[in-house]
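Scroll down for the structure; my scribbles are underneath it.
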Amino acid sequence: MPKLAVVLLVLLILPLSYFDVAGGQAAEGDRRGNGLARYPQRGGRDNEAECQINTPGSSWGKCCMTRMCGTMCCARSGCTCVYHWRRGHGCSCPG
């Protein structure tokens, strides 16, 4: 197999590393960035979401309405966040 074909095959398979080998599901984002939305940290919203504060003392943060995993949001709230050596964080979802 020519080297270019091997490189293209590797680049095609590389995104699959975001999936859990045991049948997990990829972390779901907003297709525009890291999957995190900006929500006010006040009111009832901060009780429902897992958030990362942008800056200390700020009323804005990056939040997930399901489960935050690294810098991404999992697809459903029942997912667990797992860390794969050399691949980073990913969501493992039941079913």
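Every residue gets a Cβ built from N, Cα and C, even glycine.
Taken straight from Swiss-Prot:
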SIGNAL    1-24  signal peptide
MOD_RES   GLU50  4-carboxyglutamate
MOD_RES   PRO56  4-hydroxyproline
DISULFID  CYS64-CYS73  disulfide bond
DISULFID  CYS69-CYS81  disulfide bond
DISULFID  CYS74-CYS91  disulfide bond
DISULFID  CYS79-CYS93  disulfide bond
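Comparing C-alpha positions, CYS69 (disulfide bond) sits nearest to CYS91 among the disulfide-bonded residues CYS79, CYS91, CYS93.
Shown are the disulfide-bonded residues CYS81, CYS91, CYS93; the one with the most C-beta atoms within 10 angstroms of its own C-beta is CYS91. When the Cα of CYS81 (disulfide bond) is compared against those of the disulfide-bonded residues CYS74, CYS91, CYS93, the shortest separation belongs to CYS91.
Rounded to the nearest whole angstrom, the C-alpha distance between CYS73 (disulfide bond) and CYS93 (disulfide bond) is 12. Checking each of the disulfide-bonded residues CYS74, CYS79, CYS91, CYS93 against CYS64 (disulfide bond) by C-alpha distance, the shortest gap belongs to CYS74. With the fewest other Cβ atoms inside 10 Å of its Cβ, the least crowded of the disulfide-bonded residues CYS69, CYS73, CYS74 in this structure is CYS69. Classification of CYS74 (disulfide bond) by DSSP places it in coil, neither helical nor stranded. The number of other CB atoms found within 10 A of the CB of CYS79 (disulfide bond), across every protein chain shown, is 22.
Its own atom aside, the Cβ of CYS64 (disulfide bond) has 23 Cβ atoms within 10 angstroms in the protein chains shown.
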